[in-house]
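Feature annotations, courtesy of Swiss-Prot:
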type     : residues  : note
DISULFID : C122-C156 : disulfide bond
DISULFID : C224-C285 : disulfide bond
CARBOHYD : N116      : N-linked glycosylation site
CARBOHYD : N210      : N-linked glycosylation site
CARBOHYD : N588      : N-linked glycosylation site
CARBOHYD : N605      : N-linked glycosylation site
CARBOHYD : N980      : N-linked glycosylation site
REGION   : 177-195   : region 'Non-covalent dimerization'
SIGNAL   : 1-35      : signal peptide
TOPO_DOM : 36-314    : topological domain 'Lumenal'
TOPO_DOM : 367-484   : topological domain 'Cytoplasmic'
TOPO_DOM : 485-1067  : topological domain 'Lumenal'
TOPO_DOM : 1089-1135 : topological domain 'Cytoplasmic'
TRANSMEM : 315-366   : transmembrane segment
TRANSMEM : 1068-1088 : transmembrane segment
Amino acid sequence: MRILKLLELVVKVSLFTIALSSVLLAFLTFRATDAKVEIIRGDHPEIYDDSAENEVPTAASIQREAILETLTNLVLESRTPGTRQIREEKLTIPISTEPATQKTISVLDLPNNCLNASSLKCEIKGISTYNVYYQVENNGVIYSSVSDSAEGLEKCDNSLNLPKRFSKVPVIPITKLDNKRHFSVGTNFFIPESLTQDNYPITYNSYPTNGTVSLQTVKLSGDCKITKSNFANPYTVSITSPEKIMGYLIKKPGENVEHKVIAFSGSASITFTEEMLDGEHNLLCGDKSAKIPKTNKRVRDCIIKYSKSIYKQTACINFSWIRLILIALLIYFPIRWLVNKTTKPLFLWYDLMGLITYPVLLLINCLWKYFPFKCSNCGNLCIVTRECTKVCICNKSKASKEHSSECPILSKEADHDYNKHKWTSMEWFHLIVNTKLSLSLLKFVTEILIGLVILSQIPMSMAQTTQCLSGCFYVPGCPFLVTSKFEKCPEKDQCYCNVKEDKIIESIFGTNIVIEGPNDCIENQNCIARPSIDNLIKCRLGCEYLDLFQNKPLYNGFSDYTESSLGLTSVGLYEAKRLRNGIIDSYNRTDKISGMIAGDSLDKNETSIPENILPRQSLIFDSVVDGKYRYMIEQSLLGGGGTIFMLNDKTSETAKKFVIYIKSVGIHHEVSEEYTTAPIQSTHTDFYPTCIGNCDTCRKNQALTGFQDFCITPTSYWGCEEAWCFAINEGATCGFCRNIYDIDKSYRIYSVLKSTIVADVCISGILGGQCSRITEEVPYENTLFQADIQSDLHNDGITIGELIAHGPDSHIYSGNIANLNDPVKMFGHPQLTHDGVPIFTKKTLEGDDMSWDCAATGKKSVTIKTCGYDTYRFRSGLEQISDIPVSFKDFSSFFLEKSFSLGELKIVVDLPSDLFKVVPKKPSITSTSLNCNGCLLCGQGLSCILEFFSDLTFSTAISIDACSLSTYQLAVKKGSNKYNITMFCSANPDKKKMTLYPEGNPDIPVEVLVNNVIIEEPENIIDQNDEYAHEEQQYNSDSSAWGFWDYIKSPFNFIASYFGSFFDTIRVVLLIAFIFLVIYFCSILTSICKGYVKHKSYKSRSKIEDDDEPEIKAPMLMKDTMTRRRPPMDFSHLV
């Protein structure tokens, strides 16, 4: 009976269970299962349950108290299961809210899962220099977050490399690849915010928004003032900033300074080290950048310490050489005496040194007979020809009193006793170590070691807010009106501003102050503005700013930041502050803001022609063609080269200087931009599974996005069912994936359209000073000379139509690069726009791109292996074209400088013959104009334009008081003349007179008044008016090594002038040949004098000849006529 009752009970329970399951199954067929989102990159899968997170509204209404409503809805929706709505419907957020229902709710009372990461399951997905990208899971829901605080993330997965804190210095992204080398200070995660359907919800510093995540290179941002320094020791400059925190650092272009930014508040002092004064470093502080000028600290210290004493300055500056001379003297006298005295007591030291250096000693002893100065070890001086006695070189140790009859080292006999032993035997070791040559070498090494110890002890040197009327303001970042006593953003308005058609009314809450004023708002602003703060913004800043305020909130207003050094408008300043908040609204505007650079760090050193290092050549002609002298000049097309020509004819008294300087040579490439490619940092996946139906059924809840979509069906069968889903061979899982790109490592791909050889050539001298760009296509021509390029090399391996890559290091790369819209497996995928938006990718993912998993009663998951095309890893196959970084001009062309000759530069100069004749009368100069622009006592100088009319053709010398000129001679033609002249002045030459001396004749001077001088001090960190800087420049100009080198080559100018472009090379060859010739004659003269003195040939001798003796055939004095009958005496004990 008990068994029957038990069976009856089991049957009843089974029937009840089946009935209940049928009811639940019927109910669930009309409901979708919860969706999950999975992010995976590499070995780090991340699973999202987005049934609630995809309902997160945007942050468009945060400025007007809607953040409370948004967070409240977020909590309610995460707890309430509901049907997943279409993405377009989710993005429509009502702006109007009822603030009365929100005032009792505090933001702090609402849960924030991103801030509670320490108590929840979390995982670090990416770490940049200034923030972190992570996910937090709570009740099956995963939230994506980007934060600039590491607090509470220590227990997260992958937190091993997480820093304790991130730097709080403000930064903005760099979009120009050319600027990354100069201003990059690390990376930062940004949120490109937009409301398109391919984006996804994400939280930045607890503020929810919709967008994508992008890793960008960043530069410093902020108001910073750099105080100039006169560079007197200790080379310190001061920086100040009104902001609460600011960053600065010293950076060399291309250097990795990711974690070297120094934060400060208020003011700070920076002392430059000697390495920073090499002319290659820049001081970066906020928006400002300043080039640290090249300064020889050792020289400048000496100039300052021994000012006005040229002898002491010279001794101080050259103290490094004086140190070496002192050590050489110490080694030659006291140290050598000490070593000779301690040779016997320190025999163990020499045995040890001989053992260590035995291979070197063996080689030197065997090759000694081939050395030029081999006899110097015996006390004799010779160059090549003299022979030495073998015993002098090969004497054994003092333990043996006899020398070897024949020196084994120098012997050529094959049956010598020592040849029976190996080179490594003890016999050879004792012989080699104990030769006089080896002992002398070991003593010399000992002396050098002692000298280096002493040398190390010798010192190195001898020596924007918006105001209503009076007290009511709008401050960016605060959604309420505040009073002048503003300290932090309040919870409600502190004042009221009513903008009417004819007047403005202002009132301060809590007081009886009401002020009226005229309506002086910005005109022609047609937009709707209802609240008081909106009306004020429309009135003072305009509708464009109001649109940003309403739709693009500022989470942090940076009220102390004005960005005055960049000259931005109010809208630009607002967008810059949004970038500081980590939000990118528009790539084009971001590119414009990040491309603004305040300071001189990008300024190129426009140096004048370095005449002191250029070769000189004299040209003499007396033939006249069409009334002109024609000079045909050829120069090698090599950057940095040039020649100074001294032009004259047989009748002229003074030569005319004509300088040709090739500033740079390279290839100008015209290109068209194709796309940008970057590595994938991580991947975001969003999918939705259904229990029954197919892909069409799934797409009703998960709409197609247009690219990188996928759908898997069927997904419901036995063994792969979610709870209470019993469908067989039905169901589908559909969704999409989005990549997060590391724009910091992006490459821009260009197609080469055209290549042309160009040269920047500067002409100075009698024609004034001017620089022109000459191409191989069109010859350059003016009234006095013509220039043409004959190229040997055209494009150096870059062919027309080839794809090239401009890398993050500003170098150019070539190789196998994929064409646009070509899915080939070569470098060039993913293909993106500048801001990381895909322009070519897979429309639908294939089966090999992903995998999915399920369980009998668990939820389904999708793993994305490759979201679109990814061939960035093939960049290792690219070849770097040039070692010189390049800059692109408007993404349409670039100049690739070359350091080798590309051909020949041919110049034809036609000078009127009247230039070489004495003028018959004083010329008449009219309509004169001399205007200058530049700085005083600086390397740039004053750039002046001299214009006048002349009634004669002549050559003239020019001068002006207190100024040195780039050229002191001009070729004046009849009629209109225009010259570019650079003047370096110690005083303002305004209203002074420049004097022209026709044909150098001081009796007929012509004066030209300086009409206008505009002084523009360069924005740098050194005061060029410092007397020490002036004295240093004077010292350097007076002690140029290049000037001395040119001076010693000058005797060969006449011969070398016949070799054209090989002028300087021939001078060097002739100088070297002359030096060797002098040494050879000195060697012969020395040998003759020594023999003359040694044999006393200066005494008169008479020889009595004996008739009985046969005639002596050989001379009395012959080599080796006297044979040594005993070994040389040892005097070492006397030393």
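Glycine residues also receive a Cβ, built from the backbone N, Cα and C atoms like all the rest.
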Note the mean pLDDT of the region 'Non-covalent dimerization' (177-195), expressed as a whole number.
82
By DSSP assignment, list the helix, strand and coil residue numbers for the region 'Non-covalent dimerization' (177-195), in that order.
7 helix, 7 strand, 5 coil
Far apart in sequence but close in space: which same-chain residues, 6 or more away, have a Cβ under 8 Å from N980 (N-linked glycosylation site)?
G768, G769, Q770, S943, C944, I945
Taking the Cβ of C285 (disulfide bond) as the centre, count every other Cβ atom within 10 Å, in any protein chain shown.
28
What does DSSP call N116 (N-linked glycosylation site) in the simple three-state scheme?
coil
Distance check, please: Cα of C156 (disulfide bond) against Cα of C285 (disulfide bond), rounded to an integer number of angstrom.
34
Identify, among the disulfide-bonded residues C122, C156, C224, the residue whose Cβ has the fewest other Cβ atoms within 10 Å in this structure.
C156
Quick one: pull the CA-CA distance for N210 (N-linked glycosylation site) versus C224 (disulfide bond), whole Å only.
33
Could you measure between C224 (disulfide bond) and N116 (N-linked glycosylation site) for me? Cα positions, answer in whole angstrom.
36
Cα-Cα separation of C122 (disulfide bond) and C285 (disulfide bond), in Å?
36
In whole Å, how far is N116 (N-linked glycosylation site) from C285 (disulfide bond) when you measure between their Cα atoms?
35
Same-chain residues six or more away whose CB lies under 8 A from the CB of N116 (N-linked glycosylation site)?
V136, N138, G152
Translate the DSSP assignment of C156 (disulfide bond) into the three-state scheme.
coil
Hey, does DSSP put C122 (disulfide bond) in a helix, a strand, or just coil?
strand
